[in-house]
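Taken verbatim from TrEMBL:
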- 34-48: compositional bias 'Pro residues' (COMPBIAS)
- 49-61: compositional bias 'Basic and acidic residues' (COMPBIAS)
- 62-75: compositional bias 'Pro residues' (COMPBIAS)
- 80-101: compositional bias 'Low complexity' (COMPBIAS)
- 102-118: compositional bias 'Pro residues' (COMPBIAS)
- 128-226: domain 'Fibronectin type-III' (DOMAIN)
- 327-422: domain 'Fibronectin type-III' (DOMAIN)
- 440-524: domain 'Ig-like' (DOMAIN)
- 1-139: region 'Disordered' (REGION)
Amino acid sequence: SPKQSRYPGAETPKHPLPQPPEFAAMTGKTTPPAADPAPTAPKEPAPTPKKEPAPTPKEEPAPAPASEDPPAPEHPPAKEQPTAPADEPAPVPTTEATPAPEEGPPAPPAEPQAPAPEPKPEKPKAEPPSSPLSLAVEEVSENSVTLTWKAPEQTGRSGLDGYVVEICKDGSTDWTAVNQEPFLSTRYAIRDLSSGDKIHVRVKAVSASGASVPATLEQPVLIREILQLPRIRMPRYLRQTYVRRVGDAVNMMIPFQGKPQPKVIWTKGDQPLDTSRINIRNTEKDTIFYIREAQRSDSGKYELAVRINGAEDKATLDIRVIEPPGPPQNLKLLDVWGFNVALEWSPPMDNGNSEIKGYMVQKSDKKSGKWFTALERCTRTSCTISDLIIGNTYSFRVFAENACGLSEKAAVTSGVAHIKKTKTAYQPEKIPQRDMMEPPKFTQPLTDRTTTRGYSTHLFCCVRGFPQPKIIWMKNQMEIREDPKYIAMIEQGVCSLEIRKPSPFDGGIYTCKAVNPLGEASVDCKLDVK
């Protein structure tokens, strides 16, 4: 009977053909010799098979090629294997019954693997960008909401690829991206929303190194049409610090606008207001802030927010409650000299919650006991008081002043300043004696004159000398004595002679002569009468 082949179920042909070496490589066995060495019919030369790597059967794990398997030719021939009877059907080969991997040791790897390359040091991971800033709702309509934000502070080395906007319905945790690809604009309108829905919105900044921590709106946005966005109309006088005195009432009305009616929220330092002291009354168009009696503790910054769904407007009010300052500290009397006193002091411990504008200095003398203002507003903490009266004793006090007024109490000097009398003897200035004696000397001589008959005329000259010289008038060398026709005068060294209604007979040579104990001098002139 024909002998069974290497694989069960496959009958050995009567004239087996020589098996190519690739077959042995597939099975790992050598070809059994023929049973009868009878000559075989001549055959055509078998085509040389292409040398290709043997395919691995699907049922078996791929063994190594037989050419590299040294134990393969040492197996006994197939005829020594037990054979099945010819009339029995050959069993179906299975992956478990395949003897090839069981009979020989596991084949070595087909090719030696190349040594693995050394791992390169990992580069430090680039940090993702920071969160977008100032995310806010710009506009809400029946089926859309428009958002705005600012670029993140840090965008990373690779730069910013864009932003991704995500939404989530109120009560759900499923976030859905609205845009398919990142975009670089800082404004985005989410459309095709259902009216009446409440949605949460967040925005991420995306770069090559990853996505940032999302910036999320604090409150969900109600999708419905807003007829008018909220807006606070702050009065002009509240745009700067609002100053009130302790005990005064604080009453501020701040109008706003927005439809539907916005929600009004007052806070101080991110905390709700103390309703036991502060009364808030809101209407459709304004909000009223009222304190019956202000105290220093009411000072600070108050935040007002007017909100409609996700849109809001904010404003800050700065309120300062002031009171008079305390008295100055450590008033000292530094020095007293002549009519002057030097004072020095320190600023008050309590400025009344307002800047100190200056100090008022007053003095009081011991005789009257009344206080008089010496300096109305001194901006320094030292001063000098002058023009004090000799012999008086003075006390001094200082008030501090701020925007609320003068301090209720003053700092008073512990000591007094006594202005002493100084004894001085009058010593007249010694003037050197000068010899004033001088003989007569004419500084202005007589001049010739021509006059008309019947018209009075005057002759003038000037003389100096000490003692005062005696003046003698002469006509044609004859002394003029007590003649009513002539009037002679001298004043401050000026000599004059008046000739009343002269006639041609009065013409001639007139001489003025000055005489004193040191000497004499004379001048003359000619008078013509026509």
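Count begins at 1; order follows the chain as displayed.
Any Cβ shown, glycine's included, is placed from N, Cα and C.
Note that TrEMBL annotation is computational and uncurated.
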Checklist entry - How many helix, strand and coil residues does the domain 'Fibronectin type-III' (128-226) contain under DSSP? => result 0 helix, 47 strand, 52 coil
Checklist entry - By DSSP, how many residues in the domain 'Ig-like' (440-524) are helix, how many strand, and how many coil? => result 3 helix, 53 strand, 29 coil
Checklist entry - Which value does the mean pLDDT take for the domain 'Fibronectin type-III' (128-226) in this predicted structure? => result 88
